[in-house]
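Novice: Questions regarding the structure given below will be posed in turn.
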């Protein structure tokens, strides 16, 4: 049911904007604190460059398999089932939805953080805590999910998302640069015991991979007009060249300006005119709503297909179903976000449990199996190296992320106001 995902008429540029919106989503406001603080200048810069190149390569492998065996595979799980058999369908389905669910939790945490940061700017004795703002963010996301049936209906919102991203990225970068020029020498050292540094470095490496990857390349490619493979490759080139420039800028400027004290939400570090900071925070909130919808779309599409919802966007049956199904999904997501609002920890766990397996392990092995007869021994060795290396990274990153969540859970109570 291609209509559940979108019409097959989208241009490569629209797909590139969708991918770039994901890369430059409100998560970029946290990477100075969740990546650079734990890696430092040398490892952080080298890591970002390597993660960009490796992620482009892995996503290209998936894109090239889109028309495997003469059929268009519009879902990641369908492609896996075609290559490995039916059991792989369910494994891939589980990995992908864990990935998207946890990304959505991150968007809700950041959306709530931006609302709270805006509230604090105008209320001297702020009494509302983060969980209340999480509930507000979740409610707005529900309204947006009900009124926007599929990815293709996001066209006008993609332009809005791009503008909103530019607002908070430019504001955060300019204000951080201003703070950096007027500040005393910063501390760029990596703090903590040897053990905590090791776990933090592993977690930050997981965040690096999380920063560039959506885990839904086939779903986005499904809406592209022919030739779908060539158009998707153009979209990926756009994402990993022009698309990553704003993200690089804000990460490096934020870390340069605040060093080891850079927070997981950069707008809470910056100083400047209240109205400018308020505009940036509101832009960050609105962008988180749009971006969450992009990453929740495969879950919505699955529910629509499962229950054969094919009517118009505002037909009573279709509208009622979206209110119940999408509303329920977002209520659960909002509750988890409010219970454990540890953004960096969730980024690490998402990268470990799903980004590594989906984007690197599975992509490399699927390509190896599908194209084995046409690959040289060197190419096969390279793909096997990817499979083994990222399998080890996935295990190590999972342990590190769980440790971080346990440590933070002891430090804060549930529904914490972090």
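Just so you know, the numbers here start at 1 and follow the chain as drawn.
For all residues, glycine too, the Cβ spot is worked out from N, Cα and C.
A TrEMBL annotation is a machine prediction, not a hand-curated record.
Checked TrEMBL, it gives:
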DOMAIN    9-402  domain 'Amino acid transporter transmembrane'
TRANSMEM  12-33  transmembrane segment
TRANSMEM  39-62  transmembrane segment
TRANSMEM  88-110  transmembrane segment
TRANSMEM  130-149  transmembrane segment
TRANSMEM  156-177  transmembrane segment
TRANSMEM  197-215  transmembrane segment
TRANSMEM  236-258  transmembrane segment
TRANSMEM  278-302  transmembrane segment
TRANSMEM  323-343  transmembrane segment
TRANSMEM  349-370  transmembrane segment
TRANSMEM  382-406  transmembrane segment
Novice: Counting only pairs 6 or more apart in sequence, are there at least 3 Cβ pairs under 8 Å between the transmembrane segment (382-406) and the transmembrane segment (278-302)?
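Specialist: By the criterion, they do not touch.
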Novice: Could you tell me whether the transmembrane segment (130-149) and the transmembrane segment (323-343) have 3+ CB pairs under 8 A, leaving out pairs under 6 positions apart?
Specialist: yes
Novice: With pairs fewer than 6 apart in sequence excluded, do the transmembrane segment (197-215) and the transmembrane segment (39-62) have three or more C-beta pairs that lie under 8 Å?
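Specialist: Result for the transmembrane segment (39-62) with the transmembrane segment (197-215) is yes.
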Novice: State the non-local partners of the transmembrane segment (156-177) in its own chain: residues 6+ outside its ends, Cβ under 8 Å from one of its Cβ atoms.
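Specialist: For the transmembrane segment (156-177), the list is 14, 17-18, 20-21, 24-26, 28-29, 148, 246, 249-250, 253-254, 256-258, 266-267, 269-272, 276-277, 279-281, 283-284, 286-287, 290-291, 293.
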Novice: What parts of the chain pack near the transmembrane segment (12-33), using Cβ distances under 8 Å and only residues at least 6 beyond its ends?
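Specialist: Result: 106-107, 110-111, 114, 151, 154-155, 158, 161-162, 165, 168-169, 172, 207, 211-212, 214, 220-221, 223-224, 230-232, 234-236, 238-239, 242-244, 246-247, 250-251, 254-255, 258, 262-267, 284-285, 287-288, 290-291, 294-295, 343-344, 347.
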